[in-house]
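Annotated features in Swiss-Prot:
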REGION    1-852  region 'DNA-binding and helicase activity, interacts with RecC'
DOMAIN    3-448  domain 'UvrD-like helicase ATP-binding'
BINDING   Ala24, Ser25, Ala26, Gly27, Thr28, Gly29, Lys30, Thr31  ATP binding site
REGION    905-1180  region 'Nuclease activity, interacts with RecD and RecA'
BINDING   His964, Asp1075, Asp1088  Mg(2+) binding site
Amino acid sequence: MITTIPKSINVTTIPLSGKILIEASAGTGKTFSLTILYIRLLLGITNHVKYKKGLLIKEILVVTFTEHTRAELEIRIKTYIKIFKTACIKKYSNNYVLSKLLSKITDFPKTIDILSKAENSIHELSIYTIHGFCYKILKLNKFNSELMLQNKILKHTYPLYLKISIKFWKYYFAFLSLDITSILLEYFNNPKTLLKEILPLLNKTQLISKLTKTKRKNIVQEYYILIKKIKLFKQKWANYSHLIHSEIIKTNVNKRIYTKSNLKRWINNITAWATQKQTKNFFIPSELKYFRYSFIIKKTTSEKILDDKFFKFIDTFLDSKFSLKEIFIIDASLEIKAMFMQEKIKNRYFEYDDLITFCWNMVNKNNFNISQTILKKYPVALIDEFQDTNNKQYNIFKKIYKKENLLILISDPKQAIYSFSGADITSYLQAKSNIKNQYFLDTNWRSSPKIINSINLLFSRLKNPFLTKNITFYPVKSSRINKTTKFEVNGKNQPALRFLLNKNKNISINEYKEWISITTAKYISYWISSGIKGNATITISNKVRTVNFSDIAIIVRNNLEAKTIQLELTKLNIQSLYLTSKNNIFQSKEILEILWILQAILNPNIERLLKRAMSTNIMSKNTKEIISIPNNHSYWIKLSQEFNQYLIFWNNYGILYVIQQLIINYNISNNNNLLHNFSPNIKNILYIGELLEEKSITIKNKFLLINWLKKNITQDFYLTKPKYIKPNYEKNNYIKIVSIHKSKGLEYPITIIPFATITFNKTVSTVEKICFNLNNTKIKKQKTLKIEKHKFSEDIRLLYVALTRSIIHCSIGISLAQTITQKKKIQKEKSKFKINVLRYIIQSGKNHISTKKLYTELSILKKNKNIEIISEIPNIIKKNFQIPTLNTNSQSLMHYQVSRKFNYNYNFTSYSQLKKNIKPSTMYSTLNTKKLFELNVKKKHCFENKILTPHTFPSGKIYGTLLHKILKNISFHKSINSNWLLKKLSEYNLDKRWCLILKNWMYSILYKNLDKNYNLRLSKLDSKNYIKELKFLLPIKKKLTALKLNNIFQTHQCSSLENKLCFHPIQGILSGSIDLVFLWKTKYFLVDYKSNWIGNSNQSYSQQNIKKIIKKHHYNFQLQLYSLVLHRYLKQHIKNYSFYNHFGGTYILFIRSINEIPSQNGIFYSIPNIEIIKKLEQIF
């Protein structure tokens, strides 16, 4: 361990070698500093000989932890390369840091040339998320690359976990008695609530691994042990209860608590419980605590109770843990995780975090070779947001970048708030302790001097504000450029921090929430209305402008807090948007109403459906009107005509047009308002219309479209791909409400933190205790206090993030009440942290809950001119400043911009659909009616005589599909499962006698020598070297016409089409799948199976005959398309790919003719025409 005092950093001069840790407080220019270091490495402005020549853009590795940050870094690096190049051309920059960097340049033409080359190769930027980097590294290894291709990424684990939890729930409870089941159902009433509790543990693989090694208790045995304890106690109480009253009276116990009536009632209640015939659960009367030895001693002046043995026994009894929750959680976690892993292996899934595990295993086991390969590819690495790392992630980089190899770690441990997603502050602190070169950024470039000084004051009053030894708070300096930054209302300069103080000492949590929400709404209303009049202004960079909606952000913890605030804002006509909200449109109230209306449009003559549609809030008909529909004939006709008209609109103009007409006809206004819970939301309705319009491109059948909608409504939220509501507000017309976690990295001129005085993390959960115990096996005493400290420390970091979002002003809600939280029972281990984090910081870390102490500390803070304490809300703020309502009713629909542009000719098509449109006159020109009749007679005769051969196997599309399924599912190396095959025959209503014929037929196909020169047989293919049914999508670049394709094939006679293709122009995507792609002796081949019936003998499948069939059915066109797919795939995956060296050719296997007879009948081999492929590439 290295003890280091971090130094203030100058990013233009810092030596660049070895491991470097840079801690960057909020607003200190972390990303800008990273870009300067990047440019230095690019230009070789470094003291280290190794990097003096400069590095290529692809050699500088940048890793971060979220896709959003990755994208931001990419933009910033691109921008500053361009900016610095311009500065080099001018030999001047008004940016202080860039001007310092310019002074380091000795050869400007060379520098400009390097930066120009960097700009030209900007697409080679090596910026990744941690998962993206691990994936890239794994692909360096051929074996892992194949592994990645074979497995499927499991993007969302919750649906699979939920499915497994339901399965676990069923079998676990099946073997438990009703009594134990009843106890467990008190903890969790269904699999979802269980999964919600254990999910954090399931996501921590290392802890699960540790848990498997611990000794597990049997839940049934533990139940009977605890029941036995309770029975024993009951027996002792029954024996001793008649003496308890007299023993208590003998002591000098507090008579105001232990009154005669209280004693009598308590003893009677406990005795009634103790004398019950049966003991089935863990219920213990709450009155028993009054007879604990420890409790009585506190309430008496006596030194000793006369006979204390029984009272001490009560103490011991109540200290026992009468719960099966922990055992159940451990059982559930281990079983569900084991089943989850089985499913992953079975379905060949891998999670994003598996990439990190795979990468660590590879680097750790094959350390030197792979590390050298990575070092050669990326000589330096910059890791952003390093505080969000964990042990495994850091160890990967530690293994690769040893000794003098440059590894720059940029972080802010004060903003480490993502423990729920796997980040581990302990890992960060451990890594920090091993790094010698530590620096910190000392200037805040974001906020006003007043905000900076106020936050410095708050956190500097504590020696260790974050409760963790190595998380140090360094006061930051303000930048001169922000000296004039200010917020004024009616000519009065607003303070940096304003504490909105509620002086009611007995306020409840709901009362406080209501009070602070109203106060927040009124302040915002006052600022906005003053801004509209020009009386509220913001000055940033010497530019003055009026306060607008977009300047204000309310920072909350969760969705409930956001809704509480939104309710009060709505009352004052203030639109707001919770930016963290993920409301699934399929769970909205409007979606079901749209479904009912569309069902009625498709069935306008069904009274039931029509009535249901009219009952919706969208159509808003009252009960009387709905009931009268069948009796009022003229109204019924009118209504039917209206719905028929909607159907015509749907057919002619699309479903979105229908929904727009509904909004106009029924005058739906924009009630995007929490006060109108039953009013339809116009923006939700239009968004639903957009989704349906988009889906109708691929689902043309209206009834199938309705079924798709119904399925998405009824399916579990987590088991379907959610479509999140995207409000269409103008940027400047709403107040932003954002969660603390989502606000990290963002900035706002004015912020309000209404609920900071409410305790964040209230109680320690069972899962948290299990996780802590597994991580801290050496700690044996006061574990709960340790967990509390850990949680409290994270809460302080959350508060720090919230406070540092502001540029000019921050209002914070606070109360004098002892604690604003729900009343909870006192824990057995007395909590050290009695107050919330805001009070803890204000009170300089003093853990007092007295009102007087808080008021004293606030008075001290008030002396600072940048801080204001408001306990009486000014009268001018109390006035209701109504913000003008925006015109968003149905008549303004003409100005509404639909967020999607629809191309109604855009479609999915396939080879089969294209060839379907061949002109009928040419399609059957070679087969006359007489010939067709003769063929059918022959086939019928074969079946009548019951001769079972591949030639007599039923023909047609259905049976062709069956043959393809069999070939897809059978192994090329193992025997065919007869039971499975019989099941398939049954599904297709075929005689079971076909089973043996089919098995032998399939073996003939697998063992057939396709090429005598190569001795090529499917049975000889290695399972790693082939893919069955390779699905593909080919985007059509421009409009596809039959003429284009016909011209391409016409110019190449060897591939010409016998019949011209004929179809309507198409835009969209061509989809399909290739039956088999395989690698054989360095070359790649594709196979297409054909089950066409040509004749009842092998001679019918001669090369001459099958060539005719291929031309007639456009199979040569199909082969060229498939060849294009394989050609493009190989180009992307093989370095130095050559068509002539790597593309082996194509096979069409007419499988009815393939048997043990040594003949090439039915086997068509060709090498595709590369010129046609090149021309097709211009289309697809």
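Note: Cβ is positioned from N, Cα and C throughout, glycine not excepted.
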By the count of other Cβ atoms within 10 Å, pick out the sparsest of the binding-site residues Asp1075, Asp1088.
Asp1088
Enumerate same-chain residues with a sequence separation of six or more from Thr28 (ATP binding site) and a Cβ-Cβ distance below 8 A; give 'none' if the list is empty.
Leu441, Asp442, Thr443, Asn444, Trp445, Val476
Identify, in sequence order, the residues in the chain of Ala26 (ATP binding site) that are 6 or more apart from it along the sequence and have a CB within less than 8 Å of its CB; answer 'none' if there are none.
Asp412, Lys414, Gln415, Asn444, Arg446, Tyr800, Val801, Thr804, Arg805
Near Lys30 (ATP binding site), which residues of its own chain have a C-beta under 8 A away, given they sit six or more steps off in sequence?
Ile22, Ala24, Asp384, Ile410, Asp412, Leu441
Measuring Cα to Cα, how many angstrom lie between Asp1088 (Mg(2+) binding site) and Gly29 (ATP binding site)?
59
Within its own chain, what residues at least 6 apart in sequence put their Cβ under 8 Å from the Cβ of Ser25 (ATP binding site), listed in sequence order?
Asp412, Lys414, Phe440, Leu441, Asn444, Tyr474, Val476, Thr804
What is the number of other Cβ atoms found within 10 Å of the Cβ of Gly27 (ATP binding site)?
24
Which whole-number mean pLDDT does the model give the region 'Nuclease activity, interacts with RecD and RecA' (905-1180)?
79
Local Cβ density at His964 (Mg(2+) binding site) - other Cβ atoms counted within 10 Å:
18
Indicate whether Thr31 (ATP binding site) is helix, strand or coil by DSSP.
helix
Given the recorded ATP site (Ala24, Ser25, Ala26, Gly27, Thr28, Gly29, Lys30, Thr31), which additional residues of the same chain have their Cβ within 8 Å of the Cβ centre, ordered by sequence?
Ser33, Asp412, Leu441, Asn444, Trp445, Arg446
Indicate whether Ser25 (ATP binding site) is helix, strand or coil by DSSP.
coil
Taking the Cα atoms as reference points, how far is His964 (Mg(2+) binding site) from Gly29 (ATP binding site) in Å?
61
List of residues, in chain order, with Cβ under 8 A from that of Thr31 (ATP binding site) and at least 6 apart:
Glu72, Leu73, Arg76, Asp384
Sequence gap of 6 or more, C-beta under 8 Å: which same-chain residues meet both conditions with respect to Gly29 (ATP binding site)?
Leu441, Thr443, Trp445
For Asp1075 (Mg(2+) binding site) and Gly27 (ATP binding site), determine the Cα separation and express it in whole Å.
57
An 8 Å radius from the center of the His964, Asp1075, Asp1088 Cβ atoms defines the neighbourhood of the Mg(2+) site; name the other residues of that chain inside it, in order.
Leu967, Glu1029, Ile1074, Leu1076, Val1087, Tyr1089, Lys1090
I want to verify one value. Collapsing DSSP to three states, which class is Asp1088 (Mg(2+) binding site)?
strand
For Ala24 (ATP binding site), list the number of other Cβ atoms lying within 10 Å of its Cβ atom.
26
